[in-house]
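Take a look at the structure set out below.
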Amino acid sequence: MIEYVDADKAPLKNTGQIKIYSQEDFEGMRKASQMTAECLDALVPLVQPGVTTQEIDDFVFQFGKERGGVPATLNYRGYTKSCCTSINRVICHGIPDPKKKLKEGDIVNIDVTYIVDGWHGDSSRMYPVGKLKPAAKRLIEVTHESLMRALEVAKPGNTTGDIGHAIQEYVESERCSVVRDFCGHGVGKLFHDMPNILHYGQKGAGTKLMPGMIFTIEPMVNLGRPDVKVLKDGWTAETRDKSLSAQFEHSIGITSSGCDIFTTSPAGLFNPLDAQTGAAA
Ligand code: MF3
Ligand code: CO
Ligand code: CO
């Protein structure tokens, strides 16, 4: 039986219960999340052929330092970087590396979480490196659209299973696959909390969505099979069949009628392919 607890009265740890947050808490989440979104916007011109993933990490660290945001991944469970940079077949948790240069045609997910006043703003997007092949563009479009469809059903009365179902049904109808090994998560004063948000599932399954819940939705979608291989570094997760993988992530709060998206892009750059069309026009 899933229990819901008032976040103000719950201990600062994962108790297995789902925390219900106040309007004031929502404003704390929005502030942290907007710093993350501004950083992801500011990264757009930096993501070019020849730039290293360490240079991206340095930018994320510095951007936070100048604004009072601490990267949540720094020293998180032994991780030592300020963001994750996941290129092509890397599904998630790619480690920034001074030897890793982006090249024309790559697709890279950059995942940033700043902590501001104790609140965690967690978001990621895809970035095209120069001109993409049609298959890579399509994967990005399908993954972005799967998150948009999930946000439509993230409202009271629905369940976490409705979110997973919306993603899975759409992704598979596009002959892509949903990664099962990683999920969205409760977020707030903790980086990873209950509930788990699976990106696949049955309508009506899982736990009921209630106003005041705060969590991420972060579907990882592969062009090929869903199977994952974690490299010897203990972090980098790749597609087993070496097919391309993409991911988008928002941090959201459930309201009385729908959801509040905390990590919206101030510059309207969340979907990189929209932005590219704009630049070419
Ligand atoms: N930001 C990731 C998420 O969306 C978590 C990264 S943990 C790290 O939940 F240690 F790999 F950085
Ligand atoms: Co997350
Ligand atoms: Co993230």
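Glycine too: its Cβ is placed from the backbone N, Cα and C atoms.
Just so you know, TrEMBL annotations never went through curation; they're auto-generated.
Note that the coordinates shown come from a computational prediction; the quantities given were computed from them, not determined experimentally.
Quick look at what TrEMBL lists:
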BINDING   HIS93, HIS192  substrate binding site
BINDING   ASP111, ASP122, GLU249  divalent metal cation 1 binding site
BINDING   ASP122, HIS185, GLU218, GLU249  divalent metal cation 2 binding site
DOMAIN    27-255  domain 'Peptidase M24'
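Counting other Cβ atoms within 10 Å of each Cβ, the binding-site residues ASP122, GLU249 show the lowest value at GLU249. Screening the binding-site residues HIS93, ASP111, ASP122, HIS192, GLU218 for a C-beta under 6 A from any atom of ligand 2 leaves ASP122, GLU218.
Among the binding-site residues HIS93, ASP111, ASP122, HIS192, GLU249, the residue whose Cα lies closest in space to that of GLU218 (divalent metal cation 2 binding site) is GLU249. When the binding-site residues HIS93, HIS185, HIS192 are ranked by how far their Cα is from the Cα of GLU249 (divalent metal cation 1 binding site), HIS185 comes first. Counting only same-chain residues six or more apart in sequence, the Cβ atoms lying under 8 angstroms from the Cβ of ASP111 (divalent metal cation 1 binding site) belong to CYS83, CYS84, SER86, CYS92, ASP122, SER123, SER124, GLN247, GLU249.
HIS192 (substrate binding site) sits 6 Å from HIS185 (divalent metal cation 2 binding site), taking the Cα positions as reference.
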